[in-house]
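Down below is the structure, laid out as structure tokens.
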Amino acid sequence: MGKKVKKDEKAPPEDVFDTILVESRQAATVVLMLSSPEEDVQSKACEAIYKFVDKCDENKRTLMDLGAIEPLLKLMGSEDRIARRNACMALSTMCANPDVRKYLRKREESIPKFVALLVPEEDTVVHEFAALGLSALATEFTSKVVINESNGVEPLVRCLSSNDPDVQKNAIEALAQLMMDYQTRATIRDFDGLNSVLELLKSEFSIIQKLALLTLERAAQDVDNRANLRELEAISKLINFLAHPEWNDLHVMSVMVLSSLLEDIESLEQIKETGGLKKLVAIITDQAPPEEETKKPDKKPAGKGGKKSAKESAKKPSEESNEQKDGEGVIPTLPDVKMSAAKAIARSARNSENRKILHEQEAEKMLIVLLSHENVDVQSSAAQALAIMCENLSSRDSVREMEGMAPLIKLLNSENGDVKEAATLALANLTTANPPNCKDVVNLNGLEPLMHMLSDQREEAVSNAACVLTNIAQDDTLRAEALSKGAVTALVEPLKSSNTIVQSKAALASAAYLCDVESRTEFREAGGLEPLIEFLDSGNDDVRRSAAWAITVCGIDEAAAVEICKLGGLSVLQQIQLSGTKRTPFTDAAFERLLDSNLSAKYALTGYIGYNNLIEDGFYDAGQMKKGSQFLSLEEFCNQELNDKRPVILINPKPEVTSAESKTEDVGLKPESSKTSLSGKSSRTGRESKSKTKAQKEKEEKQKEELQAQLQKEADAIAAAENLPFVTPSDPVLLAYIDEVMEKIQPLPSSREQVIALSEFVSDKLGGSIDRGQVSSFSWELPVSQVRYELKSNVIPIGRLKVGIHIHRALLFKALADRIALSCTLVRGQYNRAWNEVMLYDIDDNPTSPKFPPKEYIVDLIHQPGTLLPVDTPNAVSYQKI
């Protein structure tokens, strides 16, 4: 209601509405006023709405629900400057609410209206709030694209040059959001926006500097922008920015921008020419920058740093003139800055060409200094960067010359997992193909912490430590020292890891250290063979390859080869041989080495023993092994009960050990005699029980106690005999054969004569010659069975056989030939067939005639002993088959 006034004598025109003053406390009423045709009412309503929405976020949502957005959008295009300004202020403030932004995204004209208000003709306040609205809208990715398509980048760049810091702040914040879109990164370059952003680094407001650095970091992700920044000397400006300790809270962001720029080799070349890299290194390591002492007094900080900062920078040279020689006057950079700088070096060093330039500028020196910093994050980042730098061969030598090995080894004792991982990685790269560095690690007492690291919970650190130890093992002296400190036992622990990288590296390290009998024995006794055999069946190629190589090394020893066969390693490798994906040259080598070290298994599996394979004591022929069956050891065959299967033929030319056998026989006979005497006495006692006196009963009880004690003693002796180690059955007859062969056949002048004489000797010892048609009727099974029954064992020493056919004679021929260095093979055929192949030169009495390669012959041991049958001839084929 309006106030009552006295009526003028002259009445007002009837078509004019009387002026009224309205007081409203409801936002809905003010929203209705936005639709008023009066510009004054509109502007006041917009101002009231701005004050209301600026109070809290809930008010923004309330006004949106009341429908204030549509009229405000309309008023942003009003001809009245005040209404337009107030509407922009209100709607820009409302854009902080996500629901408001969602609503505006659906209106195509919303963003263009904000952009239109950035024209130079508008007031500074309009520029400020229009940029504020765009910065809020730019948080949504779809709005970024629309702003760019609406040509919003150019006016925002223009606002960066405004004298009003609020306009600058809102504009650079909007651009920082827009730089997340790759298309906008190219657009800002077209309008020379990067230069304007660089100028904001001189601002006296830290928030503007921070947003400028954020914009530069995102813009530098574009390769063309990096080229533009190089032209604008951005690298030098950023390094100078780092030289201002009063801006230390922004130094991390500055280093992050540098990190992006230093990815390009052109940037590194530029920083090399200008000396900026050495200056950066000096700043990060808290040293006086080169040649800064003479330049600083004449140099003032650029931009709006304020009089205070200018005075401070002018005072510094005079204050530090006496202290700068020792580096005491330099204000240290923050740990986060050092960490970011190390990461920047690491990022740049991923390129091989960049590594060369960084090496020339002695970037390793900075990283080595940072290794001794008290902050663990700095230590970790420096070690990681050093690890990448050391992929360059020259850097490895430089780190050693700069005494960088000692701090790295010291970091191995850190309690921080990241530090240990980074330090071990750096040492792994440093010691790769660099014996002097390996020697330094050992001389600086690095072996103990490295071995201790193998049992660490950090899997990456374990794999890196295994790599270092592998590199050290390349030198015989260093390997021996590592072995003396327990390297073999320490390597067993990481083999139990479930991590495939650790498994692969640990297996490879094991292969590097198992180069002598003692280490292989220690490894076997420590239980290292079991995980290696499990790794053979791994689905990871690296693990399988490393395990195969380790088994190849372990298989040199016969004891280890037998143990691997017991654990099923031979079966696994046999299955791998049939696989088209798992089979590799490494698994082939492991399979061959295992068979070469265990000729018994090789002959059972392949039916072939080559010229280079020498039958040694303990060899046994168990027959052709079926697919999927497990190869048994000689001890297992000896412990089997008598069966009707093919007997195992043993080669073990040892004299008979009578002492051990007599002890065993005594132990075995005593219980029986004791039992007999006991039973006899008990029966006799039963018959005479009626006539016993009391004294006799006491005497008998005492005798019973003595007998029980004797029985217990004998039982303990039997148990002790059972626990004795297995003794391979001896063969003194074969030993006599060898002595005779060495005495009579070995002195013969030619290999041909030796072969003929030996074949006749073997045939004579195993039944003589057999006519071709009489082989099937030749009786040999019964004599063999009789020997088996006599020995009460399925294992028969070959010297005990007096009758034999192909399989027995070929085996005996090979065993005797190997003793006199007569090279031959042993080949198994079908149906009890076996034969020997020899390589002999043709007989030629003329010494001047040309010499031809030796020919291969099959030795006849059955029909015409001493006859040599050329391979693949009808007679040879007939000898091999039934």
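Using N, Cα and C of the backbone, Cβ positions are placed for all residues, glycine too.
Caution: TrEMBL annotation is automatic and unverified by curators.
Taken straight from TrEMBL:
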type	residues	note
REPEAT	151-193	repeat 'ARM'
REGION	288-334	region 'Disordered'
COMPBIAS	292-301	compositional bias 'Basic and acidic residues'
COMPBIAS	309-328	compositional bias 'Basic and acidic residues'
DOMAIN	343-526	domain 'U-box'
REPEAT	403-431	repeat 'ARM'
REPEAT	445-487	repeat 'ARM'
REGION	649-710	region 'Disordered'
COMPBIAS	662-673	compositional bias 'Basic and acidic residues'
COMPBIAS	674-683	compositional bias 'Low complexity'
COMPBIAS	685-707	compositional bias 'Basic and acidic residues'
DOMAIN	728-868	domain 'EDR1/CTR1/ARMC3-like peptidase-like'
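Taking Cβ pairs closer than 8 Å, the repeat 'ARM' (445-487) reaches residues 405, 409, 412-413, 417, 420-421, 424-425, 427-428, 431-435, 438-439, 493-494, 497, 499, 501-502, 504-506, 508-509, 512-513, 515, 518-519 in its own chain, all 6 or more past its ends. DSSP states for the repeat 'ARM' (445-487), grouped as helix (H, G, I), strand (E, B) and coil, give 31 helix, 0 strand, 12 coil.
Helix, strand and coil residue tallies for the domain 'EDR1/CTR1/ARMC3-like peptidase-like' (728-868), in that order: 59 helix, 18 strand, 64 coil [DSSP]. The DSSP breakdown of the repeat 'ARM' (151-193), given as helix, strand and coil counts, is 31 helix, 0 strand, 12 coil.
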